[in-house]
Structure formats: structure tokens, C-alpha cells
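Quick look at what Swiss-Prot annotates:
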- Cys7, Cys10, Cys29, Cys32: Zn(2+) 1 binding site (BINDING)
- 7-32: zinc finger (ZN_FING)
- Ser40: phosphoserine (MOD_RES)
- 71-111: zinc finger (ZN_FING)
- Cys75, Cys78, Cys103, Cys106: Zn(2+) 2 binding site (BINDING)
Amino acid sequence: MTTFRFCRDCNNMLYPREDKENNRLLFECRTCSYVEEAGSPLVYRHELITNIGETAGVVQDIGSDPTLPRSDRECPKCHSRENVFFQSQQRRKDTSMVLFFVCLSCSHIFTSDQKNKRTQFS
């Protein structure tokens, strides 16, 4: 959120300026000689949110990948107990650690937060 600062003496807007000698951020008035130190060295922050899918990279032959861990969690669709799992590919602050399971029988994708029986990893 952007906030504006105003001069205490003449009420004009203050502009950011770098104090190169002391390596700090200042706000100064262009009308009078008023200068104040910034509370934070941050002028602007731009957070990028990527819109990749949580299951990005899931392909038809995911079960043949020997690097993926296996589980015997029951598939809610076909009740098979053969699946592989991986963590969400989203890297955001508000994303919790959710495991995605891919059933090797029917390719159904389900998550660890669904109400299923306890998972035993192999």
C-alpha cells in the first residue's frame, strides 16, 4: 500500500531521496528545506503471484517415475492402494503443505487433506 508523506512546515508532499554518504533513505520537501528519515529503507515492493496449477507437471506416465515416493493410501474413486505422491508446486505464503496422490490404477488425483484412512509411506 502506498502512503504519502507531507512536510510538517509547509504541507507540501515529501519525496524520497538517498543519503549516499550514510546509505539511508530520506524524505525531503522540494519547497522548503525540511528533511526526515524514512522509517524503512523499502520504497516499493512488488509481489508476483504465479498462477501455476497445484498439480502442474502431472503426466500420464507419472507412475513410472522411480524418484516419486509410493503410498498405500486408498483411492477414493477406485479403492486401489497403489499411488505415488508429491507436494504442491505452488510456492506462496498462503499455501499449506498439501500432498497430492495420483492413483496408479485410475489416474485420479486426490489430496492428503481429504478424509481418508491413515497413510503408510513405503
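Every residue gets a Cβ built from N, Cα and C, even glycine.
Distribution of Swiss-Prot features across the structure.
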residue	record	DSSP (3 states)
Cys7	Zn(2+) 1 binding site	coil
Cys29	Zn(2+) 1 binding site	strand
Ser40	phosphoserine	coil
Cys75	Zn(2+) 2 binding site	coil
Cys103	Zn(2+) 2 binding site	strand
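If you take the C-beta of Cys10 (Zn(2+) 1 binding site) and look for same-chain residues 6 or more apart in sequence within under 8 angstroms, you find Cys29, Thr31, Cys32, Tyr34. Across the structure, Cys78 (Zn(2+) 2 binding site) and Cys7 (Zn(2+) 1 binding site) place their CA atoms 69 angstrom apart. Between the binding-site residues Cys7, Cys103, Cys106, the minimum number of other C-beta atoms within 10 Å of a residue's C-beta occurs at Cys106. A distance of 65 Å separates the Cα atom of Cys7 (Zn(2+) 1 binding site) from that of Cys75 (Zn(2+) 2 binding site).
Ser40 (phosphoserine) is 50 Å away from Cys103 (Zn(2+) 2 binding site) when you measure Cα to Cα. The residue listed as 'phosphoserine' sits 54 Å from Cys106 (Zn(2+) 2 binding site), taking the Cα positions as reference.
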